[in-house]
Amino acid sequence: MTLPELSPLLAELTQLRHELHRLAELSGQETDTAQHLQHYLQRYSPGQLLSGLGSGTGLVAIFEGKKLGPTLMLRADMDALPIADANQLPYSSRKQGVSHKCGHDGHMSMLAGLAPLLARHPLKRGRLLLLMQPAEETGQGARALLKDERFTSLAPDYIFGLHNLPGYPLGQVVLREGTFCPASKGLHVTLRGRTAHAAEPELGHSPANALAELLQQLPKLPPTTQPAELSLLTLTHARLGDSSFGISPGEAELLATLRANLQPDMDRLSEAVEHLLHQTASAQGLGLSLEYREVFPATTNGAEAFACMQRAATAAGLDVHLKQDPFRWSEDFGCYNQLAPSGFFGLGAGLEQPNLHNAAYDFPDALLPYGLRMYWALIGQLLGH
């Protein structure tokens, strides 16, 4: 699929991207986004269009080939972020403090753009599933889909997805065999003692010393920060009591993010963290509660998926960068490894593009055809054209 062949479609997809940008919705709340995508996809007569999947807003458009063959699933994420839209654009987000600062509006538009292409060039064999997945940012979207029998019964043979990458040349395909991005999870810790009047702190039991000790010791637990063997703990929030001059605190709260490229390393880090927390709380006579939130598995590319993406990028005439080390951010795409062999790649969004999750970021419309070409080449590799 060449750029001249795609050019008549690009104005339509740019408009779609702008409409989705305007509709930006947080994780699990993508109702208007799902409805808009459903209306768009229905125009191109998929064999089936499944809605209400997973957490309630997931969509899958199913296109059937003329002959039996493999089932290929391609996935885009739908949710926006709790970040104000700093750009003054004709299509700025209609919701105060919510906007697409991770480019999911572009991801959806590239994937939806396959529908008109398939209407003109029907599959010769197999099945293509276009998955619009909610709640990627919280790590809950893929997990919810995998608990939905309507979704798992689709039984794909392969699953592929992408993410745009500011700081890489526009349209460059970024690949890595093995871990593409690490496992991560948020740690929420509460230490409980007993409050007292600030004039008589000895009558209470403050967790201040325990919190201070944990703030110093927790970051020392990971054995390495070498990129290829990443094991990392980042403190993100700490609170001691309430904002008051008159109360000696009786409670402390601490938040941290744990990351590791390999699950065994994540398990070891988690065990070390939990041991330190229990040891510290017990030594100081404090109550302790801990829980993990926003849990993401590592996103990994097996040898077969990696080779398929390499061939597709070559067939599409796209520049390829083989990344030496995994990225440090996480993606819930890794959950799909339990359903089928899966592959995940990056797509350069431009060297001067603001970073993801930056208030000045806006998905570059010029990237839309590159994603379409890569997806179309993957379809050709696995289903034929």
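Any Cβ shown, glycine's included, is placed from N, Cα and C.
TrEMBL labels come from automatic prediction, so no person has curated them.
The record from TrEMBL ties CYS102, HIS104, GLU137, HIS163 to Mn(2+), and of the options HIS357, HIS385 it ties HIS357 to that site too. When the neighbouring Cβ atoms lying within 10 Å are counted for each of the binding-site residues (HIS104, HIS357), the highest count belongs to HIS104. Same-chain neighbours of the Mn(2+) site beyond CYS102, HIS104, GLU137, HIS163, HIS357, judged by a C-beta within 8 angstroms of the site's C-beta center, are, in sequence order, ASP77, ASP79, LEU81, HIS100, LYS101, GLY103, GLU136, LEU356.
When secondary structure is read from DSSP and collapsed to three states, HIS104 (Mn(2+) binding site) falls in the helix class.
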